[in-house]
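Engineer: Sending over a structure as structure tokens; questions will come in a sec.
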Amino acid sequence: MAYQHRPLLIRSINAGGLNIPAKRHIALRDFAKAQVSVALIQETHFLCDKAPALRSASYPLGFFGNYREGKSRGVAVLFAKHVPFQLLAHKADDEGRYVMVKGTIGEQLYTFVSIYLPNRRQHIALKKIMSVVTDFQDGNLVVGGDFNLPLDPKLDTSRGSTCVPLSVIRSTRLTLLDSTLTDCWRALHPSTRDYTHYSTLHKSYSRIDHIFLPFAQSHLIRYASIGSQTWSDHCPVDVELNSCLYRPKASHWRLNETLLSDQLVLSGLTEAVSQYFTDNSVPDVTPPLLWEAHKATARGYLIKQGARIKRERIARQEDLTAQIRILEASHK
């Protein structure tokens with residue numbers, strides 16, 4: 001089967017709980033807007049036996065690791081509908097600390113891991129998880145998660161220091177080194193300061209959310225970025241990878257029915273169709289042909305109006321996001 005070469009966008013984000021339906025809807029809509037291919041999520045807060053559905057038309061496939069003791073922790077890996085992922089195996093612990101998924105995208109084998117480390121003794125938890133990953137993984141490995149610690153306190157915190165013991169940080173970095181994992185964002189921004197979380201308790205920023213790739217696969221990285229804090233109290237981390245993963249498919253137009261509730265659009269449509277019949281009602285055009293062709297006129301008008309409304313909506317969203325970034329930068 002032929003596949004198109006198109007980047008694979010990975011996003012890791014601590015959701016801070018997704019039990020509220022409105023928040024799940026916002027999260028999934030945000031992923032779709034950003035065209036996220038694979039979402040690595042931490043802190044879903046789902047109960048093992050009563051987990052709500054975290055899926056949509058854009059993200060129909062997901063794998064979860066829920067905490068057996070209550071509504072805390074929890075991790076997930078979601079795949080977009082346009083990603084032709086074929087599952088081979090998946091594994092999760094009952095502590096809600098990790099979930100790992102292995103399968104093929106196109107003709108390439110991938111392993112995706114979402115990790116949520118505790119806020120104490122992170123190095124011990126990571127070492128145990130990476131031993132499981134080593135036995136499980138195949139193909140290209142992508143590890144993302146909330147590590148609850150800065151890997152380099154001088155660069156990764158606004159204060160230049162952290163309350164996490166340096167021995168824990170050193171041991172965590174050694175485990176990553178032993179696993180040959182590289183911090184994607186730091187690899188592309190070796191001296192830049194940016195953060196993913198603000199602690200109101202300590203009144204400081206820190207970069208504790210990461211996406212890692214093995215050193216040997218670092219050439220696949222197209223870019224890495226830290227987004228703005230919007231619906232979660234953590235910023236998303238995005239990494240785009242070179243990958244041949246998308247099936248080419250024909251595009252089928254469907255009417256966006258919300259356009260019909262816009263009186264300006266309806267008025268314009270009526271005028272466009274009326275003008276069409278006025279211009280084309282001539283003797284050499286048969287009634288069946290005239291009727292069939294008017295559908296193309298109506299469709300073209302609606303496509304144009306839909307594109308205009310979408311551009312205006314995106315412009316408003318980008319303006320708000322820019323304002324958020326300015327406020328974040330001034331506070332940091």
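Placement of Cβ uses the backbone N, Cα and C atoms for every residue, glycine included.
Annotation comment: TrEMBL describes Y116 as active site. What TrEMBL records for D146 is active site, proton donor/acceptor. The active site, proton acceptor annotation in TrEMBL covers H234. The annotation Mg(2+) binding site is assigned in TrEMBL to E43, D146, N148, D233, H234. What TrEMBL lists as domain 'Endonuclease/exonuclease/phosphatase' is 14-234. Look at TrEMBL and you will find N148 tagged as site 'Transition state stabilizer'. Residues or ranges marked as site 'Important for catalytic activity' in TrEMBL: D209. As annotated by TrEMBL, site 'Interaction with DNA substrate' applies to H234.
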Engineer: Checking your reading of the structure: which of the recorded positions E43, D146, D233 lie inside a 10 Å Cα sphere centred on Y116 (active site)?
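Structural biologist: Those close enough are E43, D146.
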Engineer: Expressed to the nearest Å, what is the distance separating H234 (active site, proton acceptor) and D146 (active site, proton donor/acceptor) at their Cα atoms?
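Structural biologist: Counting only the Cα atoms, the answer is 9 Å.
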Engineer: Where D233 (Mg(2+) binding site) and D209 (site 'Important for catalytic activity') are concerned, what is their Cα separation in Å, rounded?
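Structural biologist: That separation, Cα to Cα, works out to 12 Å.
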Engineer: Quick one: pull the CA-CA distance for the residue listed as 'active site, proton donor/acceptor' versus D209 (site 'Important for catalytic activity'), whole Å only.
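Structural biologist: One finds 4 Å between the Cα atoms of these residues.
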Engineer: Using the CB centroid of E43, D146, N148, D233, H234 as the Mg(2+) site centre, which other residues of the same chain sit with their CB within 8 A?
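Structural biologist: Near the Mg(2+) site, the remaining chain residues are N14, G16, Q42, Y116, H197, I208, D209, S232.
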Engineer: Name, in the order they occur in the sequence, the residues of the same chain whose CB lies under 8 A from the CB of N148 (Mg(2+) binding site) and which sit 6 or more residues away.
Structural biologist: L117, P118, N119, Q122, V164, I208
Engineer: Write down the Cα-Cα distance for E43 (Mg(2+) binding site) and D209 (site 'Important for catalytic activity'), rounded and given in Å.
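Structural biologist: Computed Cα spacing between D209 (site 'Important for catalytic activity') and E43 (Mg(2+) binding site) is 12 Å.
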Engineer: So what sits near E43 (Mg(2+) binding site) in its own chain, CB-to-CB under 8 Å and at least six residues off in sequence?
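Structural biologist: Expected: N14, A15, G16, G17, S72, R73, G74, Y116, D146.
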